[in-house]
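Asker: So TrEMBL lists the following for this protein:
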{"type": "DOMAIN", "residues": "7-86", "note": "domain 'RRM'"}
{"type": "REGION", "residues": "92-147", "note": "region 'Disordered'"}
{"type": "COMPBIAS", "residues": "113-133", "note": "compositional bias 'Basic and acidic residues'"}
{"type": "DOMAIN", "residues": "149-220", "note": "domain 'RRM'"}
Amino acid sequence: MSNLPQRTLYLNNLNSSIKKPLMQKAIKTLFSSHGQVIAVDIVRTKHLRGQAWVTLGTQAEATEAMSKLQGFMLFDKPVRCQYAKESNDRVSKSEGTFVPKDVKEKRDKKRRERLEKEAAAAEETAKRQKAEEPATGETLGDPNAPPSARLFCPSLPLECTAEMLSVLFSPYPGFVRASLPRSGVGFVEYLDENQATEAKKALDGFKLTPTDSLSLFYGK
């Protein structure tokens, strides 16, 4: 996937036999014909050769230079250009966006940890919702289902929410929580079946709207 457009370009396939000062001067001269060259950085190590980063005055200049100089023969090798993954430090400092490496690493680590926690929470929520899905044959409610601590509420009006059910059922002893695994279908849980039965007797048939009454069944 291509990197986002910016002022800094990443160059590779450079002739590593050319001395660094000469290569820097050649790159600056070459790119200066397409805009203001802010910096040319060449890093050479045992495993990092033939690469450079050149930063121009504007993103538009960088884009034009990349387009015009892609494949340009420099010291007998075609230059490959693309947008750099990150801005040059000098550019970041001038723009007020520079973050020291150690600070950036700590920030990235916290971000990864936060994303992992969010992903785990989303997975747990998905599992809970799946467990709360009505069982086959339970969609309309079973009037002969044995008493349980869980009440099933089918055919709820579309505007009904878990918060609304909580307000309705929480005054009765033993209330644990209310949930809507999908629109129009709800569950209400109590600590035991006797407490659920008390709430069922009191609220079965309760008028939720002028045209919608609450139907309650024991859940599975």
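From the backbone N, Cα and C atoms, a Cβ is placed for every residue, glycine too.
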Asker: For the domain 'RRM' (149-220), what does DSSP give as the number of helix, strand and coil residues?
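Answerer: DSSP classes over the domain 'RRM' (149-220) add up to 19 helix, 25 strand, 28 coil.
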Asker: Using DSSP, how many residues of the domain 'RRM' (7-86) fall into helix, strand and coil, respectively?
Answerer: 24 helix, 23 strand, 33 coil
